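Participant: I am attaching a structure below and will ask some questions about it afterwards.
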Amino acid sequence: MTEALRFLVIVLVLVGVRCASVDVDSKNKGKAKQTSKVHNEEEAVEFYNDFDKQFKFYCKRNSLAMWNYDTNITDFNLQRKLEATAAFAQFRKDSWKELMKYPWKDFSDPELKRKFQLSSVLGNAALSDHDFKRLDAIIIAMKTTYSKAKICSFQDSAKCDLSLEPELTELLKVSRDPEELRHIWIEWHRNSGEKVKEHYKEYVTLSNKAAKMNHFDNSAALWLSNYESDQFRDQIFELLNQLKPLYQQLHAYVRRHLRLKYGKEVVKAKGPIPAHLLGNMWAQTWGNIADFMLPYPERQSADVTSNMIKQGYTPVKIAMPAMFWEKSILEKPKDGRDIVCHATAWDFCDSMDFRIKQCTVVNQRHLNTAHHEMGHVQYYLQYKHQPSIFRKGANKGFHEAVGDVLALSVSTPKHMRAIGLLQEQVSAADKEAEREETINYLFSIALEKIAFLPSAYQMDLWRWDVFEGKTTPENYNCHWWKLAEQFQGIEPPVDRSEEDFDVASKYHVVANVPFIRYFVSFVIQFQFHKALCQAAGQLKNNAPLHECDIYKSAEAGNLLRSMLQLGSSKPWPEAMEILTGQRNMDITALREYFAPLEDWLRAENKRTGEFIGWEKSDK
């Protein structure tokens, strides 16, 4: 096995994967059969076992149809996808009607009660056949607009074939021409979000109708039910407030360097940051602009893209352990077909077929994305023995966190040196050089992690407000930019109006995917990381959290696996407690991880007299 391939197989090593099937019934051995249960509860067990078998059949058929469409967007595949989705929805609806006849709230078996509880929320399938098909068609239409959107080149107006992935994403990364970046931003938003506003209005109406048929007030309440807490929104807001001091220090430092790069006419000293200058179409992550603002530019960068290319990494080398990925798509097809390039991991509901779809480019970001998607697959593998209803993360944020936890280890300079992607350049005796390299590394991670959190909150806050009727179609866009200024401290590159619909230029919005899971993930992954580092013995003698590498630690792998195997069979606080000893989301581990950088940013911003925070935008 090459070192490069071994680099990706870390995902498997970290969690101590065993591909042998789990004896699900072993936990019941030795238990006397309970004969005192009510008849309905005994019938419920039989009903649910039969339901689970049928669910797997319809789920796999639906997943295959969705895969075929997402990897080859044609009218034929669309029709097959619509048919499979409708059949799956009808099966779930018919089963749901039967399931709701059982008095499951009075069941004595806690596992059976939880199965029925989770199954009692049907989602969009609760709609009438006509409304369900209409909602599905609307979502597909919005996704198709997004996936097929192309813009013309700034350099050559006759070249109009630039897609988001990989062309526009790469241009946003490498271009330092503010006019070109402005052009890309405007044209992408015009050709994606602006075109789906009418569809989105109808989507909101039907989504809320589905929520009410599931006995929720609106879709915001339905989405939030996944977190099983009435205080969840308040908890998230409090976590964001605890993050605010660090975010504002990072924002001020980045704004200063953008002003030095582009001038005070483009970037105001006290204003929000223009969104098109941050290296990302949605200004969510800022890592692509690290090259001209590293705290210590003379020190070696932790971005290993150039070394990956020199060493002959390919997308297959990055993301395809051969045991899993025969059927995965790892590069954008060169046969001209349209494909949904947004990276995703897939579970085909049969405990055997798992795939990744990613239009991979050989760079550090896609390496981390590959680990993120492999984390999803590891979760699939670890809970594949569970009943279908429990084959989910403890909450949706857990699923997103697992791969990122692995990436926190594999992206450390220590690990990169171990696998030959960074050169040894800092001697143990050179403490100042080591400190400077650490600040550079933490800064690069903060541009991805800390910069992201306000936008992750804002994206679902906007949708919650829409679902709850607080925001109407007449002020969709104005409210979006009000939140962007309030939480992210950004502004659009040009004046916007209600003719625009900028929020829908993001995949998750048009694809009906809640986004708060990523906020949860970015907080709890540091809690997970600290717990795994402690299990691996990496934090002895006050060793810093940001240097921990759990690579090949059996202790860390066993601890992580003990949580992953639960799936959603237990409420998420119980799953978290198994791994971390805590039952709540907590930002302490995140602040500990970035503490050296936060201290440095405070001192540097004070030295340069940078304004902390931002004044109101004039756009």
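Using the three backbone atoms N, Cα and C, a Cβ is placed for every residue, glycine included.
Computed from a predicted structure; not experimentally measured.
If you look up TrEMBL, you'll see 1-19 marked as signal peptide. Among the features that TrEMBL reports, N-linked glycosylation site is placed at Asn72, Asn584. The disulfide bond annotation in TrEMBL covers Cys152-Cys160, Cys341-Cys359, Cys533-Cys548. Feature annotation from TrEMBL assigns Zn(2+) 1 binding site to His372, His376, Glu400. Residues annotated as active site, proton acceptor 2 in TrEMBL: Glu373. Annotation source TrEMBL lists active site, proton donor 2 at His508.
Provide an account of the burial state, proximal residues and distances for the features listed.
Facilitator: In the three-state DSSP classification, Asn72 (N-linked glycosylation site) falls within coil.
The secondary structure of Cys152 (disulfide bond), as reduced to three states from DSSP, is coil rather than helix or strand. Cβ neighbour count for Cys152 (disulfide bond): 15 (other Cβ atoms within 10 Å of its Cβ, all protein chains included).
Its Cβ placed at the centre, Cys341 (disulfide bond) has 20 other Cβ atoms within 10 Å. In the three-state DSSP scheme, Cys341 (disulfide bond) falls into the coil class.
Secondary structure from DSSP puts His376 (Zn(2+) 1 binding site) in a helix. Around His376 (Zn(2+) 1 binding site), the same-chain residues at least 6 positions away in sequence with a Cβ under 8 Å from its Cβ are Ala345, His399, Val402, Gly403.
There are 22 other Cβ atoms within 10 Å of the Cβ belonging to Glu373 (active site, proton acceptor 2).
Of all Cβ atoms in the protein chains displayed, 17 besides its own lie within 10 Å of the Cβ of His508 (active site, proton donor 2). In the three-state DSSP scheme, His508 (active site, proton donor 2) is classed as helix.
There are 25 other Cβ atoms within 10 Å of the Cβ belonging to Cys533 (disulfide bond). Mapped onto three states, the DSSP output places Cys533 (disulfide bond) in helix.
Within 10 Å of the Cβ of Asn584 (N-linked glycosylation site) there are 14 other Cβ atoms, across all protein chains.
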Participant: Check the Cα-Cα distances from Asn72 (N-linked glycosylation site) to the recorded positions His372, Glu373, Glu400 and tell me which is shortest.
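Facilitator: So, spelling it out, the nearest of the recorded positions is Glu373.
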Participant: Please list, in sequence order, the residues in the chain of Cys359 (disulfide bond) that are at least six apart in sequence and whose C-beta is under 8 Å away from its C-beta.
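Facilitator: Those within reach of Cys359 (disulfide bond), by Cβ under 8 Å and sequence separation of 6 or more, are Glu165, Pro166, Glu331, Lys332, Ile339, Cys341, Ala343.
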Participant: Please name which of the recorded positions listed here, Cys152, Cys160, His508, is nearest in space to Cys548 (disulfide bond), Cα against Cα.
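Facilitator: Minimum Cα distance from Cys548 (disulfide bond) across Cys152, Cys160, His508 lands on His508.
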Participant: Determine, for the Zn(2+) 1 site, the additional residues of the same chain whose CB lies within 8 Å of the mean position of the CB atoms of His372, His376, Glu400; present them in sequence order.
Facilitator: Ala345, Glu373, Gly375, His399, Ala401, Val402, Gly403, Asp404, Ser521
Participant: Compile a sequence-ordered list of residues in the same chain as Glu400 (Zn(2+) 1 binding site), six or more apart from it, whose Cβ lies below 8 A from its Cβ; state 'none' when nothing qualifies.
Facilitator: His372, Gly393, Arg517, Tyr518, Val520, Ser521
Participant: Do you know which of the disulfide-bonded residues Cys160, Cys548 has the most other C-beta atoms within 10 angstroms of its C-beta?
Facilitator: Cys548
Participant: Within a 10 Å radius around the Cβ, which one of these recorded positions has the most neighbouring Cβ atoms: Asn72, His372?
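Facilitator: Checking each of Asn72, His372, the winner is His372.
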Participant: What is the nearest of the recorded positions Cys160, Cys533, Asn584 to Glu373 (active site, proton acceptor 2), using the Cα of each?
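Facilitator: Comparing Cα positions, the candidate nearest Glu373 (active site, proton acceptor 2) turns out to be Cys533.
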Participant: May I ask which of the recorded positions Cys152, His508, Asn584 is closest to Cys533 (disulfide bond) if we compare their C-alpha atoms?
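Facilitator: The answer is Asn584.
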